[in-house]
Amino acid sequence: MQRGIDSFFKRLPAKAKSAEAENGETPSKAPKRRKAVIISSDEDEVVSPPETKKRKASKTASSEDDVVAATPEPIAKKARNGQKPALSKLKRHVDPTELFGGETKRVIVPKPKTKAVLEFENEDIDRSLMEVDLDESIKEAAPEKKVHSITRSSPSPKRAKNSSPEPPKPKSTKSKATTPRVKKEKPAADLESSVLTDEERHERKRASAVLYQKYKNRSSCLNPGSKEIPKGSPDCLSGLTFVVTGVLESMEREEAESVIKEYGGKVMTVVGKKLKYLVVGEEAGPKKLAVAEELNIPILSEDGLFDLIREKSGIAKQVKEEKKSPKKEHSSEEKGKKEVKTSRRSSDKKEKEATKLKYGEKHDIAKHKVKEEHTSPKETKDKLNDVPAVTLKVKKEPSSQKEHPPSPRTADLKTLDVVGMAWVDKHKPTSIKEIVGQAGAASNVTKLMNWLSKWYVNHDGNKKPQRPNPWAKNDDGSFYKAALLSGPPGIGKTTTATLVVKELGFDAVEFNASDTRSKRLLKDEVSTLLSNKSLSGYFTGQGQAVSRKHVLIMDEVDGMAGNEDRGGMQELIALIKDSSIPIICMCNDRNHPKIRSLVNYCYDLRFQRPRLEQIKGKIMSICFKEKVKISPAKVEEIIAATNNDIRQSINHIALLSAKEDASQKSGQQVATKDLKLGPWEVVRKVFTADEHKHMSFADKSDLFFHDYSLAPLFVQQNYLQVLPQGNKKDVLAKVAATADALSLGDLVEKRIRANSAWSLLPTQAFFSSVLPGEHMCGHFTGQINFPGWLGKNSKSGKRARLAQELHDHTRVCTSGSRLSVRLDYAPFLLDNIVRPLAKDGQEGVPAALDVMKDYHLLREDLDSLVELTSWPGKKSPLDAVDGRVKAALTRSYNKEVMAYSYSAQAGIKKKKSEAAGADDDYLDEGPGEEDGAGGHLSSEEDEDKDNLELDSLIKAKKRTTTSKASGGSKKATSSTASKSKAKAKK
């Protein structure tokens, strides 16, 4: 059996040795003793050095006495006599807790005579004792390490030859690392703070309150814009963290933070160990300064920040060189002079070195000759001024240009054309391959080219192509005579059309929004173009024959509106039907009501926005050609701000390049595009959390003003379909807060509409858009719905109107109000009319007619009664009546019931002349001109009464021009006759 661990530590009995002696076994020699040093895991592994002969006698004696004291008396005597005792007699009982760790011995300290100032709990006392023990152990361990370092610093001569002398640096670093831990006395600080009196605490609170009031009432920057912000390299401050405190001299704090972020730095709010620099202005926070001094964080001023940007971007050296050198004008001639001067100086230096090598230092006469040969610096400058203009031009210009130099006027015109052109026109694509986002076999460019190249083959009149299915994907457009290119602006629709026409050799005739495109113009001018021949190739001198191949391009078709373009869309559709040439139409909004009728006659090609990477490559190539340095990240920001608009992105880059001192911050302000968002997109941005990351308060408020009438309705309709971020327990509280905000916004809108207080619109934007978006910030869980309030409001208005009409019609026989008619009369009236029709059929028609006659109801009032009494999910009572019975009721009603005064068919349209009908007799009796005037009015009245057009029950044909002329002649003769009679009486 195996022995237990306790058996190794038990003391052996004395009989064991006697037994061995009796058996005659010789005892084995005691092995040499070795020291085992136990090292804790917390301390460094320090190996004790071997014992040396220089040890003091007192220490050896004391150690020997301890060993002898631990052994029995006979063994101690042998040890004193110099004899080695047996191993078995030296063994003593060992407690396992001493080897494997056990309870620590408690030190009993006498109680203090005076009481402590504060009474601590047991945990606080234990912490303080542990920290004191640690401090003492660290202090005691330090001299031991020094001793070890001294012993190790004297190596053996063999090792000294092989090893290189290295100073014991790791020991010193360890000791240094431990020193700050000793200095930190957190419990002492806690004691001091806890010992503070009430007066001191009050003083601290008062001081902090004063500092907070100073912070609230702090002034802005002292001299805004007085210092120029250095233009550093991008990401020159990457990896550095900053904290800005106080009021700077020429910048606001937010402006300084934005400058740091532009160059790749990170801005923090709290001073900590990870902080690299603290930027300080006036009235800086004292706590931040104290913590920065404690952690040895470098403190910078505003000028120090600018110097750091220059230093990190390598501008400091250039600035020093510019200060040393005098100011010179930056002209092309001086640049050439500098280049030539440097070349001549280098050649002079080479000549000097060659002369030194040839002649050496001994030949003084040769040196004097060389010095005399050199001319004065003024003469060299005059000579050099004449040299560069010839040498540089000769190198650049080829021989052909020398023989036939261009005239200065033509050269100037060409340069002016190139320089004055906008970048959009200067760098527009010249071939189909250069169009952005239109590569591949399935692109719209390929489809348009295929359709246009086969147009004359498909429409030659021999065989009519078959109309394709509206949902066909692989339609090549052979049936259509026109093509419709639709898509957002600035993505290359017009460029695609013009380049495809040019590639196939067609001549284009273009009409855009600046031209009048009315029905008359299209009929007179465009219709003649559809059958004409083109002479453009003949006049341009391209050697082409007169061609019949030309294309009509109608740009911005959705803009054909107003009086100028009245009837233009219908005429364009008629021209497409009978056209003998291809027509290419372009529009931005394909869902426009006018375009829906045009789509049925056109080959539909929808253009999508190019991807950001495609536009980025094009713009970076333009920047390289124009020698404009801009970071790719900045280009991506501009493209995203313009909503992937190629034209506007290029215009923004050109605007940035126009200013040489344009910083990246100014570029951010320029790179904005006002987009017209629909209500669905606005609601999505109001509630989506991802959109809120890059939006300020002003941006959130601007969403409301895209359509301030519909925006609150969309928010109210869809806020319950949003799942907000955060804890699910807070969802109901957020919904309640959103409902309160919407109700307050509705009150503000009521005040705006009632009192025309339009200055309250920003307040309504806060309650109706910003607050609901903040409370319910998350993501949509369903589809965005159209506001149901609009439909319900129109339905309630319609029912109120129908109830008012019923109340007016039945007012002769009833005495109730409009509400009583709707609630009490309407169900029973409808039941009395419909029940005989449903039971008896056509025989019940007279009974139904009697009820309608008694209450003076119209035939349309029956439908109004059905609508007022029916509820959602309830069937109409007229559904049980046969259709033939309904028709019989309508016929009998039209025959028997006379038209009421309020019926739609009754009455004749009145004119203002009828108001003077009562005074006609008096006008006839009056003398003189009044008599003539009265006769004139009476004749007009008679004609109005006889005019059948004014009777609503009779549909008369329009009177011809001849009848109007005859009527006019009669009126003229009667008026002249009356005038002659009046003159005769006089």
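The backbone N, Cα and C atoms fix where each Cβ goes, glycine too.
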Of the residues SER58, SER663, SER978, give the one that Swiss-Prot describes as phosphoserine.
SER58
Among SER28, SER331, SER400, residue that the record in Swiss-Prot marks as phosphoserine:
SER28
Residue carrying phosphoserine as stated in Swiss-Prot, selected out of SER154, SER233, SER876:
SER154
Within the domain 'BRCT' (232-322), how many residues are helix, strand or coil going by DSSP?
38 helix, 15 strand, 38 coil
Nonlocal neighbours by CB distance (under 8 Å) for THR197 (phosphothreonine), same chain, sequence gap 6 or more:
none
Model confidence over the domain 'BRCT' (232-322), averaged pLDDT:
84
Under DSSP, is THR197 (phosphothreonine) part of a helix or a strand, or is it coil?
coil
